[in-house]
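According to Swiss-Prot, the Ca(2+) 2 binding site annotation covers 452, 510, 512, 518, on the basis of sequence analysis. According to Swiss-Prot, the feature Ca(2+) 1 binding site maps to 452, 458, 510, 512. Annotation comment: Swiss-Prot describes 256-266 as compositional bias 'Polar residues'. The compositional bias 'Basic and acidic residues' feature in Swiss-Prot is assigned to 267-276. What Swiss-Prot lists as domain 'EF-hand' is 21-54. Residues or ranges marked as domain 'PI-PLC X-box' by Swiss-Prot on the basis of sequence analysis: 105-249. The domain 'PI-PLC Y-box' annotation in Swiss-Prot covers 294-410, and the record cites sequence analysis as its basis. Look at Swiss-Prot and you will find 414-541 tagged as domain 'C2'. The region 'Disordered' annotation in Swiss-Prot covers 256-285.
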């Protein structure tokens, strides 16, 4: 078969198109585990156990594989030929991730023992300056498994009602009741585990009282309310199933927060706002407002009193949620990494993007995760490598939006030493061997001239580990020129110190010597979820949506030290 590409107006370039065929190693494996060019069910079972590492498999498991292959027209009653074996290896039921979306981790520990799928400014459709506010991003986030939704609450133009908007910008406004309604309707569509509604509160006490009634009426029995402000331990995700938790600053901390934010506001204007707010507090029945609003709050957000020096001291009698910017986190990670880990063993730590990310870009989530930060807040409307890592992390544990932190972040050493993710002395625990054989499906999911106008694509792949600094590494294959079905046949090794905090990131691009290389697919997933063996790795687009046909054939081997 040939493909023709026009060059200018009169010339035509012809390229021979190869079909997808098994690499030599796959052919050899088939011959090793088959007889007379057919692989029987018993021989397939031996392959599945010995090569794929599926020790739980039995003959019925293999018969199910054979049954599925009937739909590909490559099945024979006496077994499968090489083509059928290759189709099995590239099939959806040979994924590197678990085939069923089941929650398998212990969900009975405190909330602080889990990473939570967390959104930032969840109502924005685009940039942070002048995009629209809408309920649609909230719906999409919840249906994608996000468990922490953030709403910024401000007085409307009349000052008589609360509305959702990004204050100090030209973004549009959204009705608070609409936002609450879609949270209620979509909170538990894909996961029964609790949704945390983070309210960034810029309201007067009068409006706080109105919001308290609105929230209580909307969520009713789904609203989890904890009257004990001095709880020493957060409840577990299991005990909070189908519950909505409110996290915000208690009313008494509202004025303190406004004062601390004064660096970007004119002093006289800020002083007048504080004075007006103080008068309202005095004029209203402060106690009743505080009680109504406090009763909503089940995760109390504490102030960062004392700056960098004292913010991680914690309180042995009370757990809180502390928020800090990515910049503050980076500073603390360099100087007080173990203190961050210790703080997050009991308390919740929320990280948010720096204020200069006007384009709604994101930051490296691993900096927060390797230090135990549970709520690494992301702009879900922005695409790129860091969002792929976020999406990859929360493929774990059945995609329920909660991933249990590894023991290294929760337990101290025999002499009380706390894990330091940036240590240069971490021992190697295991070696990951990743072999990338080939890829297929681009010719079915993309137009003929999508990558190159005058020739088939020149694909190469990048394979990397994102984790603690010593584990982070990336490699790339050679470029396979003019091929819709690239064959790389390349193996990479990754010595890993903390594999339980590692993400495997894979990207494919089309090389172009004159312009920027074209994106051709990506995927990312936790190493803790990977099934060893030869697997079909499906790729996703920039937004994280899976392609229908594009996939890679890869092999994963973990060798403990």
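Placement of Cβ uses the backbone N, Cα and C atoms for every residue, glycine included.
When the neighbouring Cβ atoms lying within 10 Å are counted for each of the binding-site residues (452, 458, 512, 518), the highest count belongs to 458.
Residues 61-63, 65-66, 76, 78-82, 84-86, 89, 437-438, 485, 487, 489, 531-534, 553 of the same chain sit 6 or more residues outside the domain 'EF-hand' (21-54) yet have a Cβ under 8 Å from a Cβ within it. Between the CA atoms of residue 452 (Ca(2+) 2 binding site) and residue 458 (Ca(2+) 1 binding site) there is a gap of 9 Å, rounded to the nearest whole number.
Sequence-ordered, the extra residues of this chain that approach the Ca(2+) 2 site, with Cβ no more than 8 Å from the Cβ center of 452, 510, 512, 518, are 451, 457, 458, 509, 511, 515, 517. Residue 512 (Ca(2+) 2 binding site) falls within neither a helix nor a strand when secondary structure is assigned with DSSP, and so counts as coil.
DSSP labels the residues of the domain 'PI-PLC X-box' (105-249) in these numbers: 43 helix, 33 strand, 69 coil. The domain 'PI-PLC Y-box' (294-410) scores a mean pLDDT of 92 in the predicted structure. In the three-state DSSP scheme, residue 452 (Ca(2+) 2 binding site) is classed as coil.
Shown for the domain 'C2' (414-541): DSSP residue counts in helix, strand and coil, namely 10 helix, 59 strand, 59 coil. Around residue 510 (Ca(2+) 2 binding site), a 10 Å sphere centred on its CB holds 20 further CB atoms from the protein chains shown.
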